[in-house]
């Protein structure tokens, strides 16, 4: 059993199925137990494996279909159950008859068997050996599966379970931000640095001419511009159109229109103030005319708004 990798103290599950002989099964179980001290072997029939009471992640090694003369076909449910009872890092050695044509619905090809093991959650799936079946094994396969072809072989595959429990989770440390890269300044060319450096000796040199910034401006540049000249040619102008400042006006037209609007409002307010014919209405009844509408009201300040009470508007 050295080729199966049985280690001391491991728990091994031996899966078998008909038409394997009981003598061959017993011999294989004894050889597995003798492979190391403390090895415990559990026998499980493939038809009863789904009903077994094996706890999840409870066995170290699963041997399936290795009994001589076995024609065991592993369904996806059987492979999932085997993966469930294996410990993280546990191993599986499996043997199954396959066909090379792939035309049969009951038998898999070697490639499809490897894919089924991967889909069951197992990793490190590899084909150990592939050998033709003898006449007795071929008859057993045809009896169990009803296969009528002649392209049969027996493939042995090894696989293992990942080193984590099924359904376990962990926090992923992901950083989607841009990593700050420390940019290194390029080395300066000494000749270029010297060209753009002005020292005290260079100032004293007669060959260096320093220009006065005020000398660059003439009298025309220092003259304050006329606000009318700052306006655009089409700013607020138009035949028969009302003046309107442009959006984000910077030529002063907006302020000019605003000032005109305020002045017109003041003039309208002055025009709407009540005017006295005699000019003495605000002094009181002693100075008012006989037909004065303010008769009977107290004196008020000139320009003050007067509200006539409702009872004064009714006929006597």
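Note: Cβ is positioned from N, Cα and C throughout, glycine not excepted.
All TrEMBL annotations are machine predictions without curation.
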Of 263-277, 278-292, the range TrEMBL tags as region 'Fe-S binding site B' is 278-292
Counting by DSSP secondary structure, give me helix, strand and coil numbers for the motif 'Cx2C motif 2' (289-292). 0 helix, 0 strand, 4 coil
Cα-Cα separation of residue 278 ([4Fe-4S] cluster binding site) and residue 249 ([2Fe-2S] cluster binding site), in Å? 49
Could you give me three numbers for the motif 'Cx2C motif 1' (278-281), the DSSP helix, strand and coil residue counts? 1 helix, 0 strand, 3 coil
Just how many other Cβ atoms lie inside 10 Å of the Cβ on residue 249 ([2Fe-2S] cluster binding site)? 17
Closest to residue 251 ([2Fe-2S] cluster binding site): which of the binding-site residues 281, 289, 292, going by Cα position? 281
Residue with minimal Cβ packing [other Cβ atoms within 10 Å] among the binding-site residues 246, 251, 281: 246
